[in-house]
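Here's the feature list from TrEMBL:
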type	residues	note
TRANSMEM	B:23-42	transmembrane segment
TRANSMEM	B:48-68	transmembrane segment
TRANSMEM	B:80-99	transmembrane segment
TRANSMEM	B:119-136	transmembrane segment
TRANSMEM	B:145-166	transmembrane segment
TRANSMEM	B:186-201	transmembrane segment
TRANSMEM	B:221-238	transmembrane segment
TRANSMEM	B:244-261	transmembrane segment
TRANSMEM	B:268-289	transmembrane segment
TRANSMEM	B:345-366	transmembrane segment
TRANSMEM	B:387-414	transmembrane segment
TRANSMEM	B:420-439	transmembrane segment
REGION	B:447-466	region 'Disordered'
COMPBIAS	B:452-466	compositional bias 'Low complexity'
Amino acid sequence: MSELTLTVMRLGFLAVLWLFVIVAVQVIRSDLFGTKVTQRAARRAESGQRPPQQRQQAAPAPQRQQNRQRRGAPSKLVVTEGSLTGTTVALQGQTITLGRAHDSTIVLDDDYASSRHARIYPDRDGQWIVEDLGSTNGTYLDRARLTTPTPIPPGAPIRIGKTVIELRK
Amino acid sequence: MSSVSNTTTISSVGAPNRRNTELLMLLFAVAIPVLAYANVGLAKNGSVPAGMLGYGLGLGLIAGVAHVMVRKFAPYADPLMLPIATLLNGLGLVLIYRLDLEPSITTKALGGPRAPGQLMWSALAVALFVAVLVFLKDHRILQRYTYISGVAALLLLVAPMFFPAVNGSKLWIIIPGLGSIQPGEFAKIILAIFFSGYLMVKRDALALASRRFMGLYLPRGRDLGPILVIWALSMMILVVETDLGSTLLYFGLFVVMLYVATERTSWIVFGLLLAAGGATVVGLTSPHVKVRVDQWLNPFAGIAQHGATEAAQVMWSFGSGGVLGSGLGQGYSRLIGGIGVKSDYILATVGEELGLCGLMAILLLYGLLVERGVRTALAARDPFGKLLAIGLSSAMALQVFVVAGGVTGLIPLTGMTMPFLAQGGSSVVANWALVAILLRISDTARRPAPAPASSPDAEPTQVVRL
């Protein structure tokens, strides 16, 4: 065998071996880029940019939020911070319970949450109300600790322990 | 996202059934060893070896049977594990065949040509692989045999004590006239089953019911007792049998699984401390190990007086390979002394003939195999499956680390076989069984969930839609 043939075979074999490795990585690429976990992460990044805007918006115009409320009711509840970030729950007129209890609508895995922490429900006019269910560490709407059932302005963050929830359209 | 839960659910977006991808990869995986075979023949004899067709067909048949069985019995299993295992096994066969062509290391005393035997063992291994897929319908069945597995693992580890030592280690059960099996290879799977079954039940007690001592969490004796007893016994047996590599493997498996089950970093600290202590004690007391450590620290000492050690010869072969290697069939691995050229030191041949480039590709293949195992563990829905998958894949990872680290001089050399690649019947059979169990878990994990039956009162509680 000529030296050239052997060299070509030697390098060719290495190339084929590496081709296999690369093809194998391509096969599992969907794991790296196409899973639902990555989607969650993307939302987290998105929500990471959001809080400053909310603060600017929440402070000056509570009235404008009232107007917006009439135009369109929120259609979903979004968890924007905490271990469940990215979870959405469709608002279909049902009561949503939050807490560590396993039968809650949103089961919070949060050391600061009580087992039945809060609930969110629509009143007769379709306005969404958040009510604290006597939790230990409290439920916060925007910055204020809830004492009575309170209507939720759209976009206002509801904080329970490390978890932040918003109602969105 | 179709449900709200505390655990992260990882599922791929596309169709989970990827059998056709697997078939294509498998064809590729059979073609590469055939090419290597031709390569060896051309380099050694100047012609394509006569047995190439038969060899390729043999490997293709083994792979084909495995694929059809996976298609039938584990249709949603991971598409990559089988092709990678086939490729590594095929490459191992070619490397052993290539070393068989060297007359000086294929003498009668060393057992003659090894490739035919290895091919037979591979066929047997795939038969066991198929049997596991057919008869193990659900990996959770293994959970019922938690304590039986613990005892069985111990028996397997004890058994070689009653047989004569081979090459300074009592690792083999020798059946006269039939050959020998190495029960340690099977013990790692069975031990992983025991650890996962036990830790699944006790992990909360181990993680939570603990005292804090100097910043570390110490679990209660009654929770830790059984596992510590099993572990200590296996350690003692291994030290008596002077099988250092397996000791490292089982110890690592133990620490990894405890850590994964309890999420307590203190286990890593304990593990490293115990490993350091144990290594020092064994290194100082056992003469067999002492020699290995000396060779590891000073591989080139005393070459003028009593010739080069195996450790030095292996390093020379890596060096002579360089980045791109000498080409298959053109290296000088026959110069490595001793009996381990086709088994323990097979990576030296890879390093010399395929170079750093080829060695990295091989190590990446192992990495991918382990990654698929860890992925399976992440995707598995039941805690037993999670622990078992992580245990089996970390056993594989640790074994690769111990062998590759030993051969390349990162850690002292210990006699273990490279999974799939090295010559050794028990190793091939055990590792194919290991892959079969992983495929079974991954089939269960990736199988699409059945559509929930609509019940009239589901509406008030059914909330999450995306």
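Glycine is no exception: its Cβ is also placed from the backbone N, Cα and C atoms.
No curator has checked TrEMBL annotations; they are predicted automatically.
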Can we call the transmembrane segment (B:345-366) and the transmembrane segment (B:420-439) in contact, meaning three or more C-beta pairs below 8 angstroms at a sequence separation of 6+?
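Counting Cβ pairs under 8 Å (6 or more apart in sequence), the transmembrane segment (B:345-366) reaches the transmembrane segment (B:420-439), since there are 3 or more.
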Which one, B:119-136, B:186-201, B:244-261, B:268-289, B:420-439, has the most C-beta pairs under 8 Å toward the transmembrane segment (B:387-414)?
B:244-261
What stretch of B:119-136, B:186-201, B:268-289, B:420-439 shows the most Cβ pairs under 8 Å to the transmembrane segment (B:80-99)?
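Answer is B:420-439, with the largest number of Cβ pairs below 8 Å.
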Is the transmembrane segment (B:420-439) packed against any residues at least 6 beyond its ends, judged by a Cβ distance under 8 Å, and which are they?
70, 74, 77-78, 81-82, 85, 88-89, 91-92, 95-96, 114, 117-118, 121-122, 124-126, 128-130, 132-133, 136, 139, 142, 179, 181-183, 185-186, 188-189, 342-344, 346-347, 350, 362, 369, 372-373, 376, 388-389, 392-393, 395-396, 403
